[in-house]
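These notes are about the structure you will find just below.
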Amino acid sequence: MSVAEDRLKNCICACKIALYIAHVSSGDWYNCMFADNLKCNGGMQDINHNHNVTNEGNLKYVKEMKTLTRLFGDSINKEELQQKIEHYNGNIELVIKYLVQQSLETEVKNKLEAEIKTNELEDTDNVNKKKLCLSMKQGQENKMNEINDNNNSVQKEMHKTEIGETKPGINLQGYCTNETCLASKARLPVWINIEYVDIIFISDKTSFCCPDCKKSTVTSIVKAMFYNSEHSICASGDLVAVEDNNYQCSYSIKPGLSYELKANRIKQHAKSIEDLRERSENAMNSIEIKNLVTELQKYEITVVRPPSLKGNERLLEKIQSDYCGDFNQAFDIGRVTILCDSPTKLQTAVAVMKKAEQFNLIVSEDRNFFDEQSKTHHRVHNIKLYVPKHDVYIEMQATLKQFTTLEGYTIIENPKLSHLFYELIRSWRPNSLSEEELKQESNETLAKINDVICEWIDTKEIKKISNRYKPHSEIQVLKPPQLKEISEEQINSKKDTSLKLTQFVYDQLCTFNPKQMKGQAIYVILFEFFKKYIMGEMNPTTCADVASILCESKKQELEEDTAMLQALETYIPLQANNYPCNDDNANEKNDSYDCHQHILDLLTEKKEEKKNEQQIVILQGKSGSGKSLFCRHLEETLWEAYENDFTASIPVYISLPKCYNELNEKQIISQALQMKQLNKEIVNVIRESTSFVFILDGFDEIFDKYNKNKNNDNEKYFYNRFNLNEWNAKIIINCRSNVLSDDDINQVLISSNNWMTSMIYLWPFSKEQMNGYIDKFVKMNKKNKMNDNLDWTTQQYEETLQSYPNLHKMMEEPFLLRLILTVLPSLIKQHPIKTDISKSQIYEAFNEQWIDIHVKNISNKLSELRMQTNFKRIKSSFQQYCQNLGFEMFLQGNTIATENCDNDTNNEILSKLDPTMETEIKNIDENMQTKEMDKNDDSIVKKKFWNKYFSSNNITRHVPRRKEDDNNQTVNEDLEKKTNEINISGVKTQDVWEKYFNADSIAKYILRRIGDNKYQFLHKSCQEYYAAQKIIFDIISWKPNIIGIVDIDNKRFQQQFETHVQKLSINCRLLNEELGIIQFIAERIHEINPIFVNLKSRLFRIIEASKNNENVSIAAANAVTILNSANVNMHYRNWDNIKIPHAILDRAFLEGTDFTNANLDHVRFYQAFLSKVNFTNASMNRIYFGEYAYLEGHSDNVIGVQFSPDGSKILSYSRDKSIRIWNTQSGKQLHLLQGHSNWINSAQFSPDGSKIVSCSRDKTVRVWDVLSGQQIQIFEHSKQVNAVQFSPDGLKIVSGLDDDTIPIWDALSGKQLQLLNGHLGIISGIQFSPDGSKLVSCSNDKTIHIWDVFSGKSLQILRGHLRTINGIQFTSDGSKVISCSIDRTIRIWDVFSGQQIQAFEGHSDAINGIQLSSDNSKILSYSNDKTIRIWDILSGKQIQILEGHSEKITSARFSLDSSKIVSASSDKTVRIWDISSKKQLQVLEGHLGGVCGIDFFPKDHKILSCSNDGTIRIWDMALERKIQLIEEYLDDVTDVQFSPDGSKIVSCSQDKTVRLWDVRSGNQIYAFEGHSGGVRGVLFSLNGSKIISCSSDNTIRIWDVLSNKQLHVLEGHSDYITAIQISSDDSKIVSCSIDNTVRIWDILSGKQLQLNTHAEGVTCAQFFPDGSKVVSCSYDKTIRIWNVLSGRQILILEGHLKSVSGIQISPDCSKVISWSWDKTFRLWDLSSGNQLLSFEDPDWIIKACFSPDGKKIISCSLDKMIRLWDVSSGKQLQVFEGHSAYIREAQFFSDGSKIISYADDKTIRIWDILSGKQIQLLEGHNRFINGIKVSPDDSKLISCSNDKTIRLWGSGNNKIFDVTENSLIKCIWRRGVQSGLSMKYSIWKDAKGLTVQQKLLVEQRGGIF
């Protein structure tokens, strides 16, 4: 740089400072702060001022003029200054530069003129000498001097400072002759740069272009300079040209001579690349270079010489790409790097290198890139040294250590990055514009990286860049789509630099983890290049970007879904468990956990051994349990976790109904993400690289379509169907409970593969949760105005809810609780306190309120426009709209409706996902479509389903159209009905109406918007409600045509109705999968509301209509399913010819119904009551009973059953001394094995299933051939054989005897191999070890022996049990033995040491057996204490106790997967249990004797059981789909009474309730709740206004019938209350108890009046008819009479030898009868206390009773007989025989002519006293009957039973006591749900479609063919 230039810059800087000061002083500080921008912006003004240059004109530069004038004073002309400012567009810096340049030129010119004048006076010779001296270059070599001596015309000139600029190549200096040129005026020499060309010129004649005036006016050339070149110069007349390669040479040019100048860039002089390598290597090792290096090292400068030259391959590639193959342009083959600690040392190093001539080296090129940027922005001082000896150039690079990237010397992180980047792009030859652009940006990026490395930008800027750094571990850089599915080898093999660059940058971003500022800044620069030019600026680049997009999408979804936002405000943490909650004890044993925290724990737990397993959480809950809300809340929490820890998984909530498409379900996740604004390419990128938590909501809503989809290669598992294995994701999927069967859950939601699946069940709200929710709701209501009662407090809600007990169960579900709270203020206006409010009524009130709000909004808007509206008609239109849409959603199986518009973004997404995807879903049911289309239509016009709900053809045309995009879903229309066009009256100006309502969807006002043009109801249950309403109102709104008919009779009515049924909505599709819709309709059947009064009868009419019209079979099937779900009795119906295929009649009460010729195909009759039903000629293809025919053959107790190893056969053995083999599939007996002469104790298949071994009390062991059924071996013993077993290889048999010995036999030869002696008692159990080498045995000697099978030696004797050991088992690895004993313990022993490892205690009675789970982790034990217990082997703890059996448990087994247990008991039942939930899944009743053997079928979902009744039964394990949704009793019904007027019935149950029933309708009036234990007795007060109940909770409660309130709780008894009675004046109650007391209570006050005591428990107490006295009897064998007022004992009657169990006062109050366990009943005189008579019975007397006239007594006892006695004589008059079990009670009818009795044979019988004959047998109850009562008018009979039902019986209008043998007493109605399949007396003549097994089942159950 010249001195002039330095001065120019200094002046400009000074001017700018002055300008800054001037601006500040003038207040223009803003512009001054951005003074630097003046240079960049040219004439543009500050963008914040937004000035217009043109308009402001000259006024614009006023301030600038003033400032510059002050700076330059009078030296400038103002007009010229104004012109210059305008010329430079206001760029002040350029103006200043011009003025300063002008000033300097003037100054130089003046100095030159003065110098010229001085020089003219000097001597000419001196001047010439001076010029010659200046022209000589210092340090010229001798050779050059010689050349100069020989060439006088060419002389090298010494370098001196000149004005102007020189550049590499040829530079000529001369004078411009243009007078207007400043240089000419100032006589300044100017430099002309010729660069690297050859020229010839005459010094004073050739013209060159002046760099100042741009004219060819430079003619006087005075100097030539060569810079960084190999050059030559030759003047005319010279013989030899001067040649040189020094980096800077100057020569004087003489006037008048011609010169030839040549200059070339420095080049090597090699002949080949090998030659170049050789020269370079020699030079690098030359003494010259070594000396130079040594010199540099003297100054403590680091010199780095490469260990070797660049390799040939690398070198050739570089030469080819950089120099087009010209190897002589390569200088860095040998390069020396000089590293300096400081700038001073760097200057020193450069100075040393520039003196290289002292080492015989020539500095040929000097390029300083330390202060000026190079092309690549490297900061080096580059010098090329010529080594003359080897004729080669060596490159020397000097820089500071802080700028180098040389490995081993650099402080820069990842130093190779910039080099590798450079190597990738330097030889790149782009093939397209996009590649060209990418290369350009790559070069710029590399320059930016070097700017950071070499600090071309200051530290602050570097810091600023580094502050944007985020590591890959935090942001997770995404793999570019172009690298998807391509390996690194494939990339390297391709000649695609852009792809290699992409791979390189991606790899660097993933692996580079800088810690220092520069490294982080470099990372940021590289990342920003990657983001903008590789990924695309609009695309996400990192997981963090993806997360940001998804988070925004989530926010948008929630903003659109206001209902969900509001629900989140009231969110209460939900409780859950690993098993479903039992409805009957939801809040009793609450061992539930916080669902939210539990799932978080599951998601975060680390399973080291299961790294490759995917984690799946299945969340189940009832409708309204808060599943969707929970999922959204969980999503929010996971987002918070992600924001705090970017390594966490990204949560993604996916609404399956919104995204599911049958034709492309494999891409459901991809489709969902694209709907969340991620493009397909990015979705493919993040598929594996990004960790997600997918929250899949609403699987139940798509299950119907999912299950029917045939495009899945029979794959059922959702994980595979949705291609979730392609994602790095944890899965949470929720599903409504009971939608999927157990099989569906196992096949669809749970895989057989070893994936980690957790099943979680949401539990109902607890009381605390309810209260918390109410509190939040109150706060939210005030904010969002959910209802108009904003002043309601939390306390007010809670108190009001207490008045409606039936709501409490519903309130356990969060969504229902929200609805209840929303409408509670309006509900209480319609429903008096203590009345029942149904779920339908809640939904009705809520939806009414919901619609009212929106209708009001519309009306208010219209009223503002002065438009009149009809509120009722608008509301009606809205309701109709919702019903139509709700029903349409049901038809389509889709809870989301889509408004279709032209701009369908999501359609594009689907098309992009799968080009072959169809855009329309074909109608599955062609027949339905045909049926529903107009018969006059010649063709079916395909339309988009939802158009009718969103187009202008309905009310929606009256609302403003939405602008949002539509979704993709299009489906074909299959209904004839169109939504009616509704015109709202009062709207006169259609244009104004359309302005607010034109063509928009009503969904905007009513529905919940969940996305672009996607709508659904607030909750699926709301859609179900509206669909139900549609069906209901379709049915009940029909009216007959009565024109011209005065009075339409039932027949005509039915005929007209039948013609309409086919058009009803109920006839469109089966409701079987829609339990919610069924429930809403079923509830309406029982409503008092007169609107629904005809619903039940219309449903029956629909069924009747199917008799004559097959096209209404769907409607009929739905109708009967609905009636059954409502527990409507369908007995004694004339339903011949009806057609109800696929109907669900599970547990239906169909007694006596006629199904002759009916179509019952596919009908379910699980546990239905089919007694006396007529199925003659009915079609019954594929009907379902849920039970199978039992295996008949054995004539005595069946002791055990076993499956063959392959599961194809069943083995059974019995006390009838036989063994039978059965075919598992057909149930046919294959062989009867006879030979044993006594009971068979055990039998077993051989391991290969070819043989059976058995042992018996007959002292033999026998071996049988399975194929032939023949005995092939017999082993005789001296004592009874108790146990027998095959060895694992089937070659040996071991038997255990009563003689304490254990023989081992050869199975083939029959030889005894060993005889094991050592036990001292009977052998009770034996087992081989898994490998067959050992044997374990147990005995009643309390010891266990372990034997060596081959030697017969006892290896271990295990002692510890205190009583007989009756069970023994090896673990699967043979290392341990597990035993159980009568001593109530289970023990685990170590086989090798004989030590006891653990002892399990907990059973309270003898343990009957044990079993080990399949994974050896748990032990199952069953006991006489009626419990099953599960023990954890590792911890030794009891983990489950299963209770339910009423007698000892004889057998229990794990299922194959150890998830369930089946148990058998002496209580005659088989029970199935779920292990995780402790829940009893099923009770299988049917055996008539104790069940002693049980097992799971190995391949089917069936259970095998055997019993003392001699039968083997097969049961279906598939759980019923519970269709009875209107539940009544949940447990045994214990007592029942008529009200005094006979209009009501009260009953009580073990379910802790007292229920009031209407006699006429059978409807439940009210359920009284309050007892904490089972209710055992109940009665009406004499005036019928009160109900009194007693319970096992030891309390008596008084209830008011009218208000349903509990009036009093009578507390005082401390034990079981045995009886209660009301006094004749209705003022008092007497009660007695096992606590030895008799208590008298005041009904009005509830206070105890008297307390009387017996010595032992009191069994009965009774008021005298006048209420003055009480008689009681007791276990103390006495009868006592007490005064009511005083409480004193008046009389004591003694004589019974045992406990007195009951008493009754005679009608005339003169006598009392008592009966006792001493088998007598006695008659006493009450006045004297004397015993009058004693009647003896053969067995215990259960009951005795006076006749109405007091002259006779009947008694019943355990001998199953009723006896009639004469009171006066004591003689037995009659014996009534017929009951097959002991009789519970017998009583006289009111006229004394007949007796009614009931017994444990489950029958009620009526007897004629005179004849002693049974005249009526009432059957129906299938468990014990607990009570019967006759109505006050003797017309009806009520009974209750342990089968959980009550039955009302009658005989038309006849009195019960008038019945004869020919009379028919029928069940009028039944209430409750009865368990068990009943078929007695049913008729099946010519029934079609029954399987052989079903026919056998029917016959076994009493059906008649």
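Each residue's number is its place along the chain shown, starting with 1.
Every residue gets a Cβ built from N, Cα and C, even glycine.
A Cβ distance under 8 Å defines the sequence-distant neighbours of the coiled coil (259-290), meaning residues of its chain 6+ beyond its ends; these are 168-170, 194-203, 224, 226, 228-236, 241, 245, 253, 305-306, 309, 312, 315-316, 319, 327-331, 333-334, 336, 359-361, 364-365, 384-385, 387, 389-394. Taken from TrEMBL, the feature coiled coil covers 259-290.
Residues or ranges marked as domain 'NACHT' in TrEMBL: 616-778.
The average pLDDT the prediction assigns to the repeat 'WD' (1233-1274) is 92. Sequence annotations record features per position, and here TrEMBL assigns repeat 'WD' to 1233-1274 (among others).
Beyond the repeat 'WD' (1274-1315), the same-chain residues lying 6 or more positions past its ends with a Cβ under 8 Å from any Cβ of the stretch are 1235, 1241-1248, 1251, 1253-1263, 1321-1328, 1330-1332, 1335, 1337, 1339, 1341, 1347, 1349, 1352. The feature repeat 'WD' is assigned by TrEMBL to 1274-1315 (among others).
Taken from TrEMBL, the feature repeat 'WD' covers 1442-1483 (among others). Sequence-distant contacts of the repeat 'WD' (1442-1483), counting only residues of its own chain at least 6 positions beyond either end whose CB sits under 8 Å from a CB of the stretch, comprise 577-580, 582, 759, 761, 1405, 1408-1409, 1411, 1413-1415, 1418, 1420, 1422-1430, 1489-1496, 1498, 1503, 1505, 1507, 1513, 1515, 1517, 1519, 1875.
TrEMBL lists 1484-1525 (among others) with the feature repeat 'WD'. As a summary of secondary structure, the repeat 'WD' (1484-1525) carries 0 helix, 19 strand, 23 coil according to DSSP.
Under the heading repeat 'WD', TrEMBL lists 1526-1567 (among others). Within its own chain, the repeat 'WD' (1526-1567) is flanked in space by residues 583-584, 805-806, 834-836, 1079, 1082-1083, 1086, 1125-1127, 1129, 1573-1580, 1582-1584, 1587, 1589, 1591, 1597, 1599, 1601, 1604, 1823, 1826-1833, 1835-1836, 1838-1842, 1844-1846, 1848, 1868-1869, 1871-1873, which lie at least six positions past its ends and keep a Cβ under 8 Å from the stretch.
Annotation comment: TrEMBL describes 1568-1609 (among others) as repeat 'WD'.
Distant neighbours of the repeat 'WD' (1610-1651): 1576-1577, 1579, 1581-1583, 1586, 1588, 1590-1592, 1594-1598, 1657-1663, 1665-1667, 1670, 1672, 1674, 1682, 1684, 1687; these residues of the same chain sit at least 6 beyond its ends, with a Cβ under 8 Å from one of its Cβ atoms. Taken from TrEMBL, the feature repeat 'WD' applies to 1610-1651 (among others).
TrEMBL lists 1651-1692 (among others) with the feature repeat 'WD'.
According to TrEMBL, the repeat 'WD' annotation covers 1693-1734 (among others).
Sequence-distant neighbours of the repeat 'WD' (1746-1775) (same chain, 6+ residues past either end, Cβ-Cβ under 8 Å): 1704, 1706-1708, 1711, 1713, 1715, 1719, 1721, 1723, 1733-1735, 1737-1740, 1781-1788, 1790-1792, 1795, 1797, 1799, 1807, 1809, 1812. Summarising the annotation, TrEMBL assigns repeat 'WD' to 1746-1775 (among others).
Across the repeat 'WD' (1776-1817), the DSSP tally of helix, strand and coil residues reads 0 helix, 24 strand, 18 coil. TrEMBL lists 1776-1817 (among others) with the feature repeat 'WD'.
Sorting the repeat 'WD' (1818-1849) by DSSP state (H, G, I as helix; E, B as strand; all else coil) yields 0 helix, 18 strand, 14 coil. Annotated repeat 'WD' per TrEMBL: 1818-1849 (among others), in sequence order.
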So what's near the repeat 'WD' (1776-1817) in sequence-distant terms, Cβ-Cβ under 8 Å and 6+ beyond its ends?
-> 1742-1743, 1745-1749, 1752, 1754-1764, 1823-1828, 1830, 1834, 1837, 1839, 1841, 1849, 1856-1857, 1859-1861, 1863, 1865
Remote residues contacting the repeat 'WD' (1818-1849) - C-beta distance under 8 A, at least 6 residues beyond either end = 1151, 1169, 1171, 1485, 1528-1538, 1540-1542, 1545, 1547, 1549, 1557, 1559, 1562, 1784-1785, 1787, 1789-1791, 1796, 1798-1800, 1802-1806, 1855-1857, 1865-1876, 1878, 1880
Residues of the same chain, at least six outside the repeat 'WD' (1484-1525), with any C-beta under 8 angstroms of its C-beta?
-> 738, 741-743, 1075, 1078-1079, 1082, 1121, 1124-1127, 1144, 1146-1147, 1166-1167, 1186-1192, 1194-1203, 1207, 1210, 1212, 1214, 1216, 1222, 1224, 1227, 1447, 1450-1453, 1455-1456, 1460, 1462-1472, 1822-1823, 1873, 1875-1877
Looking only at the repeat 'WD' (1274-1315), what are its DSSP counts of helix, strand and coil residues?
-> 0 helix, 24 strand, 18 coil
DSSP assigns the residues of the repeat 'WD' (1568-1609) as 0 helix, 24 strand, 18 coil
On the DSSP side of things, how many residues of the repeat 'WD' (1651-1692) fall into helix, strand and coil, could you say?
-> 0 helix, 25 strand, 17 coil
